[in-house]
Every structure is written in structure tokens, then in C-alpha cells.
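Inspection log for the structure reproduced underneath, given as C-alpha cells.
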Amino acid sequence: MDAKALWQRYQEWLYFHEGLGLYLDVSRMRFDDAFVKSLLPKFDKAFADMAELEKGAIANPDENRMVGHYWLRNPDLAPTPEIAQEIVQTLEQIEAFAEKIQTGAIHPPKANRFTDIISIGIGGSALGPQFVAEALAPEFPPLKIHFIDNTDPAGIDKILTHLRNNLASTLVLVISKSGGTPEPRNGMIEVKKAYAGQNLDFAQYAVAITSTGSNLDKVAQAEGWLATFPMYDWVGGRTSEMSSVGLVPAALQGIDVRAMLEGAKEMDDATRVPEVKNNPAALLALSWYYSGNGKGEKDMVVLPYKDSLLLFSRYLQQLVMESLGKEKDLDGKTVYQGIAVYGNKGSTDQHAYVQQLREGVPNFFATLIEVLEDRNGASPEIDPGVTSGDYLSGFLLGTRQALYENQRDSITVTIPQVNARTVGALIALYERTVGLYASLVNINAYHQPGVEAGKKAAAVILDLQTKVVGLLQKEKTALSLEQIAEKIGAADQVEAIYKILRHLQANQRGVVFQGNLGQPSSLKVSIS
């Protein structure tokens with residue numbers, strides 16, 4: 001296609017949202033009109049499915065739950081007055097609490113005000129808040145946030161060491177729907193011990209974000225924590241940024257949460273339009289379907305050309321891959337669906353993996369995120385008439401052109417600036433796209449059986465560890481790995497037992513190996 005034809009195609013397929021100043025360009029996805037026409041019946045069903053979901057239909061049959069993250073930014077859509085009222089009241093409570101923390105009306109026992117936050121959560125309880133903090137937190141926030149998003153002891157130590165002199169003025173958010181998820185539970189216990197080590201009463205620093213009646217909720221109530229905010233069973237982790245999960249940490253950092261909600265609401269309105277060409281989420285879903293033949297055959301590479309959007313690809317990684325990565329479709333057929341997502345930022349990636357994107361395996365499509373405003377204020381000239389921002393824009397446009405010239409497809413999303421409204425809109429845009437695409441390929445976007453399988457497998461390993469250690473503590477002589485496995489009734493778990501013991505030995509847990517470490521079958525094991 002020559003330059004003139006491309007210009008016409010660009011104009012034909014350009015989507016523009018005037019209120020948000022957002023552009024979506026899918027002209028460099030090489031679908032034709034016949035392809036679009038062939039998908040229209042599927043889109044009719046997808047639009048109908050989405051309308052039913054927003055009305056409160058059971059959209060997650062595995063757990064018999066509604067899916068209502070859209071109600072968070074427009075409570076009038078909620079299926080009952082009680083849900084609508086709770087959404088409104090929770091937002092007001094979040095704003096009031098944040099103001100009291102920031103002004104010192106609520107303050108720690110040994111300081112005039114809180115200066116820092118430790119946010120403990122995993123998955124959607126971390127990725128959304130991390131993305132929003134990186135994108136929107138002011139340079140000098142009223143409280144500086146730090147995340148514990150894993151059960152890695154060294155990672156926890158790094159945060160606690162960094163904050164050791166500020167612990168007495170550090171607020172702790174514990175985010176867990178059940179309170180029993182191992183990663184946040186472990187983080188909470190370790191942080192509690194750190195506070196006790198400085199003779200600080202953890203309850204006077206702690207805030208719970210959890211389901212009403214959960215184990216965490218009961219602990220918070222019994223110990224008298226500073227506050228508790230709800231997590232709803234109709235909001236999944238990966239779509240929870242507009243709930244207490246995301247709004248509490250954002251508000252505490254001084255981010256305009258109402259503007260973020262308003263941006264999401266505007267995008268929700270735009271993505272309800274039942275016409276593919278006039279619905280940005282439908283255009284994205286169309287492009288994803290085209291690129292991967294409706295089977296996820298190509299990866300999505302996300303390149304935001306703005307440092308503050310660095311974590312957008314990680315956020316989308318969970319949203320897209322956890323929603324769409326499914327073995328079975330809604331009819332129970334094995335389909336192995338999903339779209340792999342990765343990325344970092346432009347133009348950094350042009351000096352990393354863009355070489356492969358341009359000339360290597362064509363197993364991807366690119367999503368370029370463009371921000372029109374370079375910075376707040378004027379930019380100095382680097383060359384005559386040229387600024388650093390001009391270079392960044394040139395690199396984006398150049399990458400887009402270079403990819404297309406070599407038959408590599410791309411999508412470009414353009415926003416006027418990075419602010420609370422546009423970030424809210426981006427989140428809402430991709431939430432809706434995932435839902436529409438899932439309908440196109442006939443899968444449930446709102447459950448995650450693979451995650452649950454991983455949790456159960458981890459529990460089996462920890463149970464195995466307890467049995468192994470218990471056996472070795474009773475035995476008076478060293479045993480081979482095979483003997484250990486036989487004695488605890490786990491003859492098929494020799495490799496797992498070896499790896500458990502190797503980890504314990506490396507962490508001075510009393511495990512002693514005799515034999516050749518390079519030949520595990522030669523080892524004799526005891527506990528000192």
C-alpha cells in the first residue's frame with residue numbers, strides 16, 4: 001500500500017474521543033473489509049454479552065459471581081440500590097481517611113504524621129497500584145509508597161531496611177480478599193515482627209483492604225486497626241484498580257481519584273457503543289483477533305513512549321494473560337487460548353529487542369503508546385528547532401514505519417498527557433477490550449483456574465516439607481532421598497524432596513548432606 005493509500009486508511013480507521021483527547025489508530029493492522037464483515041455477528045453477541053454483564057448477569061459461572069467493576073465508576077449502573085450506595089459511601093470514606101492521614105488528624109503514636117506507606121499485596125492488589133503510583137504520584141507526595149508484592153525474604157528485607165528509620169511514621173496497607181493468600185499473609189507477618197522489633201503497636205499503623213468477614217477483616221477488627229475498606233466479590237483482582245484496592249493507596253499519595261474514575265467512566269461510555277468502528281475497545285479486540293487468527297498466535301508487545309507509563313506493560317500482562325489464557329472455552333472444548341504480553345518502554349527498547357521485532361520472527365503485533373505533551377512547561381532545544389521530546393516522537397513514528405515496511409503490524413494509542421483522567425481511561429479501555437475479545441473467542445475472562453492450581457500445588461509441596469522434616473527429626477541415621485520418600489509414603493516425589501532439602505540446607509535450617517552434590521542419588525541426608 002503506497003503512502004497516499006495509507007493516509008486514506010489512517011483517516012478511515014482513526015478513532016478519536018474528543019472529551020479525553022484520545023486517539024486510536026489501527027490502520028497499520030492489515031485486516032480488510034471482508035474480515036471485519038465476517039466478525040460482525042460475533043461482535044453483535046459480544047456487545048449483547050457485555051450489556052448483560054453490566055446489568056448484573058452471572059458472568060463468572062465457576063464462582064456464581066457477577067462482574068461489576070464498571071459500576072465502580074458509575075454506581076447508577078449497579079443492579080441494586082444497596083450496591084450503589086456502598087460504592088458511593090466507600091469512595092467518600094476513602095477520601096475522608098486520606099485527608100485525615102495527610103493533615104495529621106490521624107497520626108502515628110510517635111510522630112506528627114505518616115510519611116510513608118508499605119502496601120502489601122500480590123497480583124492485581126499490587127500491579128494496578130504500582131502502575132498508578134509510577135504514572136501519577138506527584139514528585140513530592142504526601143506519603144511515599146513502597147510495595148511488598150512477593151514472599152521473597154530478600155525483597156521484604158530491602159523494603160524494611162530502607163524504612164528502618166521511618167517505620168514509626170509508616171502506614172501499612174494489607175490488601176487481600178481472603179486474608180489467606182500466602183504472599184500478603186507472609187508479608188504482613190514479617191512486617192508485624194519488624195514493628196514489634198521497634199516496640200511499635202502494629203495495629204496503630206495498619207489498614208486492611210479485604211472482604212467483609214474474611215480472616216483478615218476479623219484480625220483487623222479484633223486488633224483495632226486504623227481502618228478497614230471493602231473488597232467486593234463482584235470485582236476480580238485484575239480489574240480492581242478502581243475499587244478500594246487502587247483508590248486507597250492512590251488517594252493517600254495525593255492522586256485525584258475522582259478524576260481517574262471520571263476518565264474510566266467516559267471510556268466506559270465510549271466502549272458501550274454497539275458499532276465496531278465507533279468503539280475503541282471493539283477496534284482493539286478486532287485487531288487482536290485479526291493478528292492471532294482468533295487463537296492468540298501472535299504476542300502483544302507494549303511500547304509506551306513515556307517513562308511514567310513504564311509499568312503499563314506489566315499491568316496489561318496480568319489483565320490480558322490471566323483473563324484470556326484459558327485451556328477450555330465456554331462449551332468445555334480444549335482451545336488453549338491466550339495472548340502473551342511483554343514490553344518495557346520506548347525509546348529504550350529500540351536499543352534492546354526492537355531489532356528482533358523489525359527483522360526476526362514475525363510472531364507479534366506492537367502496541368505503541370504515544371503521549372503528545374512532552375513535559376510540564378517549555379523544552380530547551382537540543383538541536384536547532386528540535387527538542388528531546390521531538391526525538392522521542394520521531395523514534396515512535398520511525399519504529400511504527402519500520403515495522404510496517406517489514407510486514408509487522410502495530411496499533412498506536414495516543415493520549416494528550418499522562419494524568420488521572422487519561423490513566424483511568426486507559427485502564428477502562430483495556431478492561432473492556434479483554435471482555436469483548438473473550439466473547440469473540442468464547443471463553444470466560446473472569447476466572448483463573450490455573451492460578452488456583454498453582455496455589456494447590458504449592459500447598460502440597462509445603463505439606464511434603466513438613467513430613468520430610470518431621471521424619472528426619474525422628475531418624476537417628478542419615479537417609480537417602482529414596483528412603484525418605486518411601487518412609488513418608490511419597491515414592492514418586494523424590495525430586496521434589498531433594499529440592500526442598502536443598503533449599504533448607506542453603507538457609508541453615510539444620511539439613512546436612514553427605515555425598516556428591518552433583519549426583520543427588522548419592523546423597524545421605526540428616527538434620528542436626
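Backbone N, Cα and C define each Cβ position, glycine as well.
Worth saying up front: this structure is predicted, and the values here are computed from it rather than measured.
Neighbour density for E322 (active site, proton donor): within 10 A of its CB lie 22 other CB atoms from the protein chains shown. Look at Swiss-Prot and you will find E322 tagged as active site, proton donor, backed by sequence analysis.
Summarising the annotation, Swiss-Prot assigns active site to H351 (among others). Long-range neighbours of H351 (active site) (same chain, six or more residues apart, CB within less than 8 Å of its CB): none.
Under a cutoff of 8 A between CB atoms, and with a sequence separation of 6+ in the same chain, the neighbours of K455 (active site) are T181, P182. Residues or ranges marked as active site by Swiss-Prot: K455 (among others).
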